[in-house]
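Asks: Below: one structure in structure tokens.
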Amino acid sequence: MDPEAVRKYSALHAKPDGLVLQYGTAGFRTKAERLDHVMFRMGLLAVLRSKQTKSTIGVMVTASHNPEEDNGVKLVDPLGEMLAPSWEEHATCLANAEERDVWRVLMDISEKAAVNLQQEAFVVIGRDTRPSSERLSQSVIDGVTVLGGQFHDYGLLTTPQLHYMVYCRNSSGRYGEATVDGYYQKLSTAFVELTKQAFCGGNEYRSLKVDCANGVGALKLREMEPYFSQGLSVQLFNDGTKGKLNHLCGADFVKSHQRPPQGMEMKSSERCCSFDGDADRIVYYYSDTDGHFHLIDGDKIATLISSFLKELLVEIGESLNIGVVQTAYANGSSTRYLEEVMKVPVYCTKTGVKHLHHKAQEFDVGVYFEANGHGTVLFSKAAEMKIKQLAKELEDKKRKAAQMLANVIDLFNQAAGDAISDMLVIEAILALKGLTVQEWDALYTDLPNRQLKVKVADRQVISTTDAERQAVTPPGLQEAINDLVKKYKLSRAFVRPSGTEDVVRVYAEADSQVLGICY
């Protein structure tokens with residue numbers, strides 16, 4: 001490690017004056033032209049993290065569902081997970097350091113984290129399809145190489161694929177082969193095996209329209225389709241051949257605007273879904289015979305998947321600990337359906353996928369999806385080993401159920417969310433249960449709800465507890481909310497300060513929208 005070389009290269013990736021950025025759940029995100037220094041420094045940090053963990057670390061260049069002119073970067077930890085919170089702090093400190101202080105901050109991080117600077121380092125890099133991503137990836141590579149780290153540049157990947165690559169490399173191939181083809185093979189084999197059990201006739205449930213947000217998911221899904229085409233036919237829209245990334249399309253647009261993406265023709269009762277720009281979110285939707293749009297968001301995805309898993313666990317007679325993790329934004333009808341009908345325990349955490357992911361790890365089988373469609377299923381190592389052993393030992397119907405569970409395990413990526421693997425699991429479950437998209441939607445009816453944000457001078461005047469569902473300050477606020485809520489059936493409301501803007505977010509739901517509880 002040569003301090004002069006670091007200073008020389010850092011000067012070539014200089015930080016704009018006065019720019020301050022925060023590493024959050026989504027890493028760093030801002031306008032692409034402001035990120036060159038951040039990318040270089042995250043290359044440096046990835047080397048230190050690799051040395052400290054003695055593992056491969058991932059760096060993904062993406063801004064997910066943000067507009068095309070934005071970009072961002074996130075680091076991937078050894079088990080394919082999000083960066084550890086203590087290293088989020090290191091990332092923020094390093095990104096905001098003045099030019100003259102970069103080397104000192106690197107040494108401070110090395111000391112605090114007990115990094116062995118003689119340890120070898122290896123970093124893998126992926127990027128999305130934004131025009132700025134290739135250039136910014138090169139800045140990451142500059143940071144890796146100037147500290148003597150080795151790297152492999154995968155080029156264009158979905159974010160979940162990079163998570164997959166990292167985990168494969170750190171599990172000595174036990175999780176899978178650390179190549180794009182290995183990813184395709186693993187997921188497709190599990191999907192094809194799972195759908196062999198389907199009892200539905202013909203192809204009525206096996207055709208799907210996919211809005212790819214003009215992002216990298218289109219490239220990868222098109223490459224992957226031949227691997228699973230015997231079980232599912234996909235028709236791609238907003239595939240990047242025309243149109244801007246995430247513009248009037250993609251999961252975030254569909255969820256926010258409650259309408260189909262531009263560029264997709266929907267016929268009555270056709271199953272459709274949308275990815276976001278880096279393919280780590282998915283939402284489903286359809287149009288009924290009257291032309292009304294129906295969104296199937298993360299709550300109903302979690303309900304479908306957890307119900308299916310619970311049924312299989314009951315079938316094989318295993319009392320594995322299954323739990324569904326939600327945030328305060330989950331529709332109350334989904335919570336009641338899971339707890340009262342399916343008898344699946346539900347837990348609530350603070351907003352942010354890292355909080356859901358952490359809580360889900362406490363269960364043998366942890367299911368979480370944010371309402372925006374970002375989520376996955378986590379199986380503990382003990383549960384995975386138990387299920388795969390039962391798939392070999394049990395007989396007849398129980399063995400079939402255990403084998404189906406084993407296939408589901410192989411379908412789920414270790415990433416915090418993978419639109420492609422989620423899509424394949426959903427399609428398999430619908431086929432196996434013989435459900436139409438309307439029947440899935442009808443499992444329960446969402447309570448009418450509203451979300452809004454109120455501009456304030458200082459959002460910090462509001463503090464919360466109970467997974468952000470109860471306001472602690474200012475005094476009297478929660479009491480005022482309680483007085484409003486008790487006037488209506490099946491009603492609840494909460495307020496919470498935004499984590500990124502000077503706004504307060506307000507959510508309310510009740511059994512009717514004739515008289516709102518939020519003014």
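All positions are counted from 1 along the displayed chain.
Glycine residues also receive a Cβ, built from the backbone N, Cα and C atoms like all the rest.
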Asks: Out of 92-123, 316-347, 380-411, let me know the one TrEMBL marks coiled coil.
Replies: 380-411
Asks: Over all shown protein chains, what is the count of other CB atoms within 10 A of the CB belonging to Glu370 (substrate binding site)?
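Replies: Here the count is 25.
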Asks: Which ones, of the recorded positions Ser64, Pro497, Gly499, have a Cα no more than 10 Å from the Cα of Asp276 (Mg(2+) binding site)?
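Replies: For Asp276 (Mg(2+) binding site), the recorded positions whose Cα atoms are within 10 Å come to Ser64.
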Asks: Can you give me the residues near the recorded Mg(2+) site, meaning same chain, not Ser64, Asp276, Asp278, Asp280 themselves, Cβ no more than 8 Å from the center of the site's Cβ atoms?
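Replies: Nearby residues not in the site list: Thr62, His65, Asp128, Thr158, Thr159, Gly215, Phe275, Gly277, Ala279, Arg281, His374, Gly417, Ala419.
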Asks: Have a look around Asn372 (substrate binding site) and count the other CB atoms within 10 A of its CB, chains all included.
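Replies: Around Asn372 (substrate binding site), other Cβ atoms within 10 Å: 20.
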Asks: Can you tell me how many other Cβ atoms are located within 10 Å of the Cβ belonging to Pro497 (substrate binding site)?
Replies: 20
